[in-house]
């Protein structure tokens, strides 16, 4: 840098170099800067040699210090700007842009008003950043005024129109957003923004109607619609839109793929997820942090943990952020690989990545799955004391699960009572589940009845308490819980299990009769039932809460949704292929026992993702060690 600086020192002039060329060389040097230290050196030299009054040089200094990604210093930019006698329009726009992207974007508006009062003029480029500042700071009144200024100067273009619609959508002021859209319908960008706005606010019917009315669709509008469905948890519809988009000739980019991957993850559509990954590789699309994290999460949630590990290792530290680390740590924990998750957490700390509350959910869950009670208590304390992270419901749930697995039910109960405010239903359910496993009616009974009072319409509270009584043979109490459930009109949520075959997701409900191959499936279920009896299997009829005779209860158990899905998999998937099932509820104890036996009798690995975790069934065993 010193050698380069010498070239602009007047003490060593080159008489053959025209003045304009020397000016251009100064700008060139400023644009080479990568750090503020280098900018300071050049700036100081320009001041010392009296060459600081060049407008282009001032603009370059302000540009680097106001909006540079590598070394932004807005305070320095301000000092240069304020000392400039007559700053250019470009410099003013730079300062407004810099403030609009800062932690206090409202200062962009203050600067604009001040300069306007001083007689300065602006163009449409400033308005774009001012609207952005109002959007980020949720400054609705100022945004209205800026919109008025834009209309006054008549500076509307597609980008500015879409920015105004986005502002009103995010404030939110949907009536104003709609009016802004109606006045700029000729711009495709306006359509994209209004669809995105309605989608983000959960107004998917309106968003879809506008999407269908679009004179010409774009990849941005398709992506906005997919994102909206995903945010509302309408994953099947998001996937349908994604598939329709491709049929209509639109090729997804990184943003579209990152938007649709959560749907694939939730539905457990591994084959489609693998297709997305292959598509990315075949087109040599850049796997940025967001897309990489979404792919990683997909593999974890689709039960393909080895592929997730392989992808994580290929990403390297340059393409990892805290979201990526969290996805991998939580994925390993969900799959029962607690030791690997804790080892990865240590690697994360060594890499310099600061853990978040989500990180510690994975860490505590990992401790629970490997029975590391002391370590879990240590991490729980460290989370608060070292990292200043206040425990959430999820953290308490993990700790209760950890203590419950270890049989320390009294400690777990104390922990639930130490929570600030009203006891949480999810945490108490975790404690009740642990009481069921250990047959502790003394604690579990009180927790169960408290739960029913706290959540009188939650069927799972009744089911858990009934299962606790059944586990210790208290049939009279089982009947009492069932009768109360019936009196209050509380119905058990229907179990739903899905399995993917040839990029098509097949769904089954308990006692389902809707599948086109249902007769074949039930024949397979009967075959499984006969083989199970040969192994000494006895149905756990306590899992059936309706008042029917024992034979009907046994039939009802065989028709649980995951059993139908597994039977469908055995019919259609050749030997050696892993059967993957996704269930919307916790796996019942009977289905858990049956799936273990099926994995042994049919020599088949079966992976079930239920409401709580993954179960890897192989050779008659489960990765959860029968505690879930």
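Using the three backbone atoms N, Cα and C, a Cβ is placed for every residue, glycine included.
When TrEMBL is compared with the stretches 1-23, 24-46, the one noted as region 'Disordered' is 1-23. If you look at the repeat 'PPR' (218-252), the same-chain residues 6 or more away from its ends with a CB under 8 A from one of its CBs are 188, 191-192, 195-196, 198-200, 202, 204, 207-208, 211, 259-260, 262-264, 266-267, 269, 272, 279, 505. For the repeat 'PPR' (321-355), the DSSP-based tally of helix, strand and coil residues reads 26 helix, 0 strand, 9 coil.
Confidence over the repeat 'PPR' (218-252), given as mean pLDDT on the 0 to 100 scale, stands at 95.
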